[in-house]
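In what follows, a structure is listed as structure tokens, so that the remarks can point back to it.
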Amino acid sequence: MTNNNDPSLQAQSLRDQLNDWSYRYYVQDDPAVPDAEYDRVFRALKDLEAQYPDLVTADSPTQRVGDVPLDAFEQVQHEVPMLSLDNAFDDEELWAFDKRIRERLDVSEIIDYVAEPKLDGLAVSLLYENGELVRAATRGDGQTGENITVNARTIRSVPLKLRGNDVPKRLEVRGEVVMPHAGFEELNARQQEAGLKLFANPRNAAAGSLRQLDSRITASRPLEFYAYSMAQLEGWEHPPTHSAMLDALRDWGLRVNPEIRVCHGVEALLRFYQGILEKREHLDYDIDGVVYKVNRFDWQDDLGFVSRAPRWAIAHKFPAQEELTVLNGVDWQVGRTGALTPVARLEPVHVGGVIVSNATLHNIDEIQRLDIRIGDTVVVYRAGDVIPKVVRALPERRPANAQGIALPSSCPVCGSEILRGHDQVVARCTGGLICGDQRREAIKHFASRRAMDIDGLGDKLVDALVDQELITTVADLYRLKAEQVAGLERMGEKSADNLIAALEASKTVGLGRFLFALGILQIGEETAKNLADCFGDLDSIRHAPLLLLLAVPDVGLEVAKAIGAFFAESDNEAVIDGLLAQGVSPQASGVPSAAFVKSLTLAQLLKSAKRLGMNLEGIGDKSLDILGSHFRTVTELSAAAAEGAGAEPKGVRSGVMTQLAKALAENDWRGRLQDAEKKVADMAARAPQEMESQPLEGQTWVLTGTLEQFTRNQAKQALQQLGAKVAGSVSKNTRMVVAGASAGSKLAKAESLGIEVCDEAALLSLLNQHGIDPGAL
């Protein structure tokens, strides 16, 4: 403690002392003083700041106590998405992952990986500007999270100010908030003493504590933060490796898990995995596996991402926990697509940190395969957040009165017929929108964050709206009045007004999200986006023939049929028309993709027709390619086919034209192909020239600094629409660097390499030239 009589110097000295002790305790795992001494100095600082309020600083340790409760959390758009990871469940899958890495990098050398325990907590993003913590956010759906800055400031292992003078201008840190076992036990003891509900496991306790609207509650909870990556770095030289990045985070005062190691090759990874697995029960926090990441950042950039996960990382999951219990009964749930799912009602049992009383049985085939009966003693499996499932029965313990399990003959909800094709695993209710459960689940899906993202419209409110018969379809949501909503239980005028405002805000939505929200069978986010990108507008998708749908990336035969069947159903068409009439406006380019139109050749149409059942058996793709290039139109092909054998182009075997003539005459295939051809011609007339639609093809762009009019993720998507590859670091292959406010080391490197640099205004001008609004992405 300082003896200086200047209060400001005293306060600064006390803050420095406490921050240094916190760094020694949390980062170096080397406590410098007993807790009692820390508490004495903390009280001295608190007393001094109370005497001189002007001396309180944002990074003072006394400011971790929490603030007045919030009404709700603000939404935060992640500039760099917080992605999930692919999983490996055994050694073979890990070897396969390593093989994919080396093949994609085209290297034969052994790869260095960073191996780290996979903490079972809540993923969090911390944003520092000029060393000060300015924002903390939850992962959310990876694109949008919640602003938890006030709560994060109460966590002792979260630095309010980065350590040292040489800190980045802008740093986004990713990590995990966990609750240690000892703290969890103490918290539950307090809950029990107060007559409150106990937490099932440390993960639930951590998540519930971090998402408290009253940060004073968060401050009272024993939470800890471990940093594991950085998403943004400006004003500081980017480290060359992941391990060097972790060293930098430690130097700046962030806590990094002490178990993390650099491993040379897969065998070293497996040794690390086994070591952590053996150490697992002795750790003071929950882990559910190990994460492996390619150490070199340049290799990470080269490997890139697939869908919602990086190619350069994988989670090696631990074996799941299993327990025995008794199957008391089976209920059948109906999902939004009508699928019937059997749910096991179990004698409650403690599995993997939670009490399990329900578990999935998957489907009737699985029940029969496992010969599971009501009354059986069964094995229940649970891994992390995976829904518990019954994996087998113990016939030797089967009671004499055990009952078999049969598929219901009619829907347990609406009484409609249950249909199941001879080759179908899933049985479905045919009730459609008259089935209350299907209607209910379809509306919940429509409102969900990854779909229309209607803030405040949660599952319980949807249940209430359906139960009160205020809505029967998703279009009815946009006909709701505030007074109708305000009359519901636990809803008031303010909540009702907020919901109506959220519904209004959701009307402008990307076409891909809109298609996903409709809940078309087998259509996920990626397929919905591909449909939007290929066709360019909703009307074209609604009227697209199966022959064209099959040409869309990732659309197979069953998916194409599902899309066609959905838009052919009059009830679905009425719902879509109702949404449009209420002002819902799906946003897209308005024109088909030039690359997609170019792919719709006569040969492609013939291949699609073959998959749909046109009798082209024995005619291979090579022959179809020759026919498609030799004849310009379906009419020309039909005329040649009518000539029969001998009219085949070179490279096509004799007899094909005779077979083709017969096939074209069956089931109106000639007319169907000609209709598709006309659609293609119309799309070609509306599509931009290919070079105009992909003006940045083959170029690598880099984004740096803060963009003001849209996020970096939106800018990235917009550039990708123009054909550019967006990289995370500057190299000699970079074509352009977009520099926003506070651009740092990337800008400096670009200037040193003589790479062209543009600002946000120039980027926006380029995007406007090509009709792209990044704010709508």
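Any Cβ shown, glycine's included, is placed from N, Cα and C.
Copied over from Swiss-Prot:
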type	residues	note
ACT_SITE	Lys118	active site, N6-AMP-lysine intermediate
BINDING	Asp35, Ala36, Glu37, Tyr38, Asp39, Ser84, Leu85, Glu116, Arg139, Glu176, Lys293, Lys317	NAD(+) binding site
BINDING	Cys411, Cys414, Cys429, Cys435	Zn(2+) binding site
DOMAIN	691-777	domain 'BRCT'
Review point. How many other Cβ atoms sit within 10 Å of the Cβ of Arg139 (NAD(+) binding site)?
Key: 20
Practice item. Using DSSP, tally how many residues of the domain 'BRCT' (691-777) sit in helix, strand and coil. Key: 35 helix, 17 strand, 35 coil
Practice item. Determine, for the Zn(2+) site, the additional residues of the same chain whose CB lies within 8 Å of the mean position of the CB atoms of Cys411, Cys414, Cys429, Cys435; present them in sequence order. Key: Val334, Gly338, Ser410, Pro412, Val413, Gly415, Ser416, Thr430, Gly431, Ile434, Gly436, Asp437, Gln438
Practice item. Sort Glu37 (NAD(+) binding site) into helix, strand or coil using the DSSP assignment. Key: helix
Review point. If you draw a 10 Å sphere around the Cβ of Cys435 (Zn(2+) binding site), how many other Cβ atoms fall inside it, taking every protein chain shown into account?
Key: 21
**Study point:** Neighbour count (Cβ, 10 Å) for Cys414 (Zn(2+) binding site)
**Key:** 18
**Study point:** For the domain 'BRCT' (691-777), the mean pLDDT of the predicted model
**Key:** 81
Study note, to complete from the structure: The recorded positions listed are Glu37, Leu85, Lys118; by CA-CA distance, the one closest to Cys429 (Zn(2+) binding site) is Leu85
Practice item. Quick one: give me the count of other CB atoms within 10 A of the CB of Cys429 (Zn(2+) binding site). Key: 27
